[in-house]
Amino acid sequence: MYSLNMINSSEKAKKMMKYRWLIWGVIVLAYAIKFFHSLSMGVVKDTIIAEFALTETTFVSIGNSFFYIYLIMQIPTGLLVDTLGARKTASYGTLIAAFGIILFSFSHSVALLYVGRGMVGLGTSVVFVSILKIQSEWFKESEFGTMTGITCFIGVLGGALAQTPLALMVSNIGWRNSFRGIGIVSMVVAAAIYFIVRNTPKELGMPSVKELEGKLNEDKSESNEDNISIMTGLLQVLKNPKTWPVFFMYAGFYGTYVIMMGYWGTSFISSVYGKSTIQSSNYITAGVLGSAIGSMVIGNISDKIRSRKKPLLISGGLYVFTWVFIVFAKGGQPPSFLLLPLIFMVGFMSCAYVISWPCIKEVNHPKYVGVSTSVANIGGFFGTIVLPPIVAKVFDKYSLTLSPAALYQKAFTVVLIAAVIGFISSLFVKETGCKNIYRKF
């Protein structure tokens, strides 16, 4: 009987280790959709501005309605994921995003553009934290950084689809039909999440990761010792001084990344270097692919060397250096043969922010993965909300008086300052050694 139980347990463990990839693979598709939406406005910028007679500031405001809602939803998302569960939270959210982008595609007024874009932000806002919750239940703690990097890799591939592929779709079937197609795909993904994903291995009668690692008793003692409410957990995260360097580091790096890849990268290349929209989007695609590779590489290196801070400081420092070169080389117009590697470097090195989620998870109570990672997410989207309106004001004020190179140099100086703030914040991020150190301070 003992041997039979051991065999059954071993078979269930093997089944769990395989099935977790299906669960992760389904839910991560929603993150690819989220990333697509966060970077899609740059390609359709000129078309929508012309069709609706918008200023740069108004266009950015419409685009930012995605990020406003996303930001507001981060704390509720953490609470939803920790209570309702990742499966329902992610599936319902992806469905809302599908309705939002379809509404956006049918809009004939600025008001509906705001509503549709806001619905997309609302729906996609819950996806990433849901994935982190799934990872914490289905994968080992020592795999968290690597899995987060791979998740970002897949997500950023969705962002790559918002560059040259979207530009080609728009040129062939128009921006409205393109977004309607994305809405239909989103509905299919929402259904797949609902019917395939499960919150924990226990729901399928499989052993948990903690059981496989022999940490079940430790978890039970922590649960009894720290039986506190979610809101109390939120206050703990916010009061933890080790939370805030991660917050501002993510704000500086991710906000500046979105400026280049999501808003002005395509127009920068077309205006300053005289490239077509599709040619320019090819460069931005290279940058997005750079971030896909960077997210996977940086997260994996962090886990392998058992350090969060070393890869963070190296990649963050190189990220700032890249922006210094873009802003100051040849008066804001670096040599064209360096443009592709520079854009790639912006994407790759910006992924220092991938360290945000394992860092903030490892300095806060392990029970509140959803809440702590939500707070980190607020930092990233705080950057995407604050920076674009400032940059847009620069364009509206100086677009008629400065040459394209001088105009983008002035605008990108704002971006450089934000990247420097992100790097300075990274100096204060706590080294965790890739394990939870909440109880050590």
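Placed from the backbone N, Cα and C atoms, the Cβ positions cover glycine too.
Sequence annotations record features per position, and here TrEMBL assigns transmembrane segment to 21-39 (among others).
Taken from TrEMBL, the feature domain 'Major facilitator superfamily (MFS) profile' applies to 23-434.
Taken from TrEMBL, the feature transmembrane segment applies to 59-82 (among others).
Annotation source TrEMBL lists transmembrane segment at 89-106 (among others).
Residues annotated as transmembrane segment in TrEMBL: 112-132 (among others).
Sequence annotations record features per position, and here TrEMBL assigns transmembrane segment to 144-166 (among others). Same-chain residues lying 6 or more positions outside the transmembrane segment (144-166) and placing a CB less than 8 Å from one of its CB atoms are 24, 28-29, 31-40, 42-44, 128, 131-132, 135-136, 178, 261, 266, 278, 281-282, 284-285, 288-289, 291-293, 295-300, 302-303, 308, 347, 351, 354-355, 357-358, 361, 434.
The transmembrane segment annotation in TrEMBL covers 178-197 (among others).
When Cβ-Cβ distances below 8 Å are used as the criterion, the transmembrane segment (244-263) is approached by residues 38-42, 45, 60, 63, 159, 163, 284, 287-288, 291, 312, 316, 319, 323, 343, 346-347, 350, 352-353, 356, 359-360, 363, 375-384, 386-388, 391, 412, 415-416, 418-423, 425-430 of the same chain, each at least six residues removed from its ends. Residues or ranges marked as transmembrane segment by TrEMBL: 244-263 (among others).
Here the transmembrane segment (283-301) has long-range neighbours at 39, 42, 145-150, 152-157, 159-160, 162-164, 257, 260-261, 265-266, 269, 275, 311, 315, 339-340, 343-352, 354-355, 358, meaning same-chain residues at least 6 beyond its ends whose C-beta is under 8 angstroms from one of its own. The transmembrane segment annotation in TrEMBL covers 283-301 (among others).
Per TrEMBL, the feature transmembrane segment maps to 313-331 (among others).
Residues or ranges marked as transmembrane segment in TrEMBL: 337-356 (among others).
Positions annotated as transmembrane segment by TrEMBL: 368-391 (among others).
What TrEMBL lists as transmembrane segment is 411-429 (among others). Outside the transmembrane segment (411-429) by six or more residues, the chain places 242, 245-253, 255-256, 259-260, 264, 268, 308-309, 312-313, 316-317, 319-320, 323-324, 326-327, 332, 352-353, 355, 359, 383, 387, 390-391, 394-395 with a CB less than 8 A from a CB of the stretch.
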Does the transmembrane segment (21-39) come near the transmembrane segment (313-331), with 3+ Cβ pairs under 8 Å (pairs 6 or more apart)?
no
Long-range neighbours of the transmembrane segment (59-82), counting only residues six or more past its ends (CB under 8 A):
37-38, 41, 45, 48-49, 89, 110, 113-114, 117-122, 124-126, 129-130, 133, 230, 234, 262-263, 368-375, 377-378, 381-382, 384-385, 388-389, 391-392
Residue list, the transmembrane segment (368-391) vs rest of chain: Cβ under 8 Å, 6 or more residues beyond ends.
38, 57, 60-61, 63-64, 67-68, 70-71, 74-75, 77-82, 128-129, 132-133, 136, 230, 233-234, 236-238, 243, 246-256, 258-259, 262-264, 353, 356-357, 359-361, 411, 414-415, 418, 422
State the residues, same chain only, that lie 6 or more residues beyond the ends of the transmembrane segment (112-132) and have a CB under 8 A from a CB inside it; answer 'none' if no residue qualifies.
24, 27-28, 30-31, 33-34, 37-38, 48, 52, 61-63, 65-70, 73-74, 77-78, 80-81, 86-87, 89-90, 92-106, 148, 151, 155, 357, 361, 369-370, 373-374, 377
Mean pLDDT across the domain 'Major facilitator superfamily (MFS) profile' (23-434), rounded to an integer, is what?
90
Looking only at residues six or more beyond either end of the transmembrane segment (89-106), which have a C-beta under 8 A from one in the stretch?
27, 30, 33-34, 37, 77, 80-81, 112-113, 115-127, 130-131, 175-180, 182-184, 186-187, 189-191, 193-194, 197
